[in-house]
Amino acid sequence: MAMDHTVKVILGSIAFAVFWLLAVFPAIPFLPIGRTAGSILGAMLMVIFRVLTPEQAYAAIDLPILGLLFGTMVVSVYLERADMFKYLGKVLSWKSKGAKDLICRVCLISAISSAFFTNDTSCVVLTEFVLKIARQHNLPPRPFLLALASSANIGSSATPIGNPQNLVIAVQSKIPFGQFVIGILPAMLVGVVVNALIILILYWKLLSVQKDEEDPSPEVIADEDVLSHRFSPARLSHSQIPSLNSAEWDSRLDSMNAQSPPCSNANVETIRNSVSSKDNEIHRSHSTLTEPARISDASKEWLPNASPQKREEGFSSKSLNSMDKQKEPVILQSSEGKEHWSTKWRRIAWKSCVYLVTVGMLIALLLGLDMSWTAVTAALALVVLDFKDAQPCLEKVSYSLLVFFCGMFMTVDGFNKTGLPSAFWNFMEPHAQIDRVSGTVVLALVILYLSNLASNVPTVLLLGARVAASAAAISPAEEKRAWLLLAWISTVAGNLSLLGSAANLIVCEQARRTPQLSYNLSFWNHLKFGLPSTLIVTAIGLVLIR
């Protein structure tokens with residue numbers, strides 16, 4: 001693409017710079033409007049500066065990517081309601097064998113969950129779990145938070161639905177879901193293991209400190225607190241209204257009488273008489289309904305000449321009356337038990353349907369069906385199976401993220417039309433041919449640098465098609481490898497610094513805002529681990545992805 005005239009290049013660069021600044025520093029002092037508003041502002045400036053026409057701006061929005069992102073978020077919401085992430089938390093603490101074992105579990109579970117439910121979702125729901133487990137075992141939170149964020153980024157690289165940049169690559173490259181997984185899975189597995197080893201080496205002494213059981217901290221977290229997580233769905237309990245008999249009423253009224261002033265005794269007696277009369281009326285109506293021909297106890301007492309048969313009938317009716325009173329609580333308890341079991345089995349059946357729909361979605365993706373429509377169909381299937389108003393679940397979808405993507409698509413497309421990305425790639429292309437080892441290394445360094453400078457999704461949007469076209473000139477196999485390398489490098493690049501990926505920022509913010517477990521993961525603490533981990537894990541992918 002030829003360079004546009006100077007004014008258009010300058011104005012387009014200004015609009016993209018505004019977008020980048022607010023995307024990386026959403027709370028910048030002179031314009032603290034956030035990432036979502038910043039992306040819309042960048043898109044609006046592209047149209048105002050006439051870098052894009054309104055029609056071109058709307059056409060830049062990639063609806064399949066938005067549909068896939070929306071569908072996976074809805075499925076994640078229903079999996080959260082079905083206790084999926086609560087079960088993951090139980091696996092983290094089940095029969096733990098120490099701090100190093102916990103680190104390995106955090107790395108493994110974070111990687112697997114992010115591969116299927118996106119890295120951002122995994123970090124949101126698992127951060128508090130990790131903090132609770134670290135506090136429970138009297139361990140420093142830093143290595144656990146680093147293990148969670150870095151493993152989530154590495155694990156998300158294995159599938160097209162693991163992170164936003166993979167969504168873009170999967171849609172643009174048209175690589176089937178199964179081939180995408182097969183191409184990156186070996187590098188992902190080795191990368192997670194190596195990343196865990198790096199954490200263990202860097203924090204070996206810190207993780208070797210034994211828990212002091214003789215002097216427990218007053219804020220030790222119990223097992224129940226670890227497993228009862230705020231992301232688990234709330235269960236509605238049936239309220240039970242206690243039924244008070246006349247004796248209980250009398251005791252309560254006597255206590256009221258003892259505590260009340262003398263002037264209120266008459267009122268208390270009036271209440272007592274009213275309650276007693278109501279109780280007698282209930283018993284009389286009950287006796288009339290159950291046995292109309294029953295002879296009352298009073299009439300039996302004033303009939304001395306009554307025959308033994310009549311007396312026996314009176315005694316029998318009295319016994320039956322008392323037996324009926326004894327049977328009533330048993331019947332109520334039985335009905336409540338049946339209702340409890342019925343609710344429990346309905347809950348189990350619903351959770352099973354959620355898991356089956358999710359597995360069906362993954363199978364459909366592996367079979368090569370359209371990823372966007374598959375995710376949306378699975379989301380709507382869960383909405384229908386829930387059989388209730390879907391608004392509470394749909395409100396948990398991050399619509400601000402969808403709007404952010406819309407603005408980003410427009411802004412990046414406008415920046416592409418300035419010709420600057422093409423000029424940069426034309427300069428780097430001769431040195432970044434992936435059929436040579438040196439070229440692959442140069443390409444990896446360029447993607448690492450741009451992913452941390454401009455974020456990974458814009459980097460993929462800016463360079464993806466150009467890198468693939470350059471590799472396609474060599475061979476179709478190299479084109480596919482170029483897309484997979486782009487997915488791997490741009491994802492792992494997020495581990496380099498705290499600002500490298502949204503997952504890192506989510507873990508940092510969640511840890512800082514968690515009540516009573518707050519921990520501040522600083523930029524430099526992350527960089528000390530992130531720099532060696534990113535370079536080593538990226539190199540693993542360059543070797544294994546073929």
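Glycine is treated like the rest: Cβ placed from N, Cα and C.
Residues 33-52 are the range that TrEMBL records as transmembrane segment, among 33-52, 93-112.
Looking at the stretches 394-412, 527-545, the one that TrEMBL records under the feature transmembrane segment is 527-545. For the transmembrane segment (527-545), the partner stretch with the most Cβ pairs below 8 Å, chosen from 7-27, 33-52, 59-79, 180-204, 354-385, is 180-204. Across all of the domain 'Citrate transporter-like' (27-493), the predicted model scores a mean pLDDT of 77.
Residues 33-35, 37-39, 41-43, 45-46, 49-51, 407-408, 411-412, 414-415, 417-420, 454-455, 458, 499 of the same chain lie 6 or more positions beyond the ends of the transmembrane segment (7-27) yet place their CB under 8 Å from a CB of it. Packing against the transmembrane segment (354-385) from elsewhere in the chain are residues 63-65, 67-68, 70-72, 74-75, 78-79, 81-82, 84, 116, 160-161, 170-171, 176-178, 181, 393-394: each is 6 or more residues past its ends and has a CB under 8 Å from a CB in it. Within its own chain, the transmembrane segment (33-52) is flanked in space by residues 8, 11-12, 14-16, 18-19, 21-23, 26-27, 60, 400-401, 403-408, 410-411, 413-415, 417-418, which lie at least six positions past its ends and keep a Cβ under 8 Å from the stretch.
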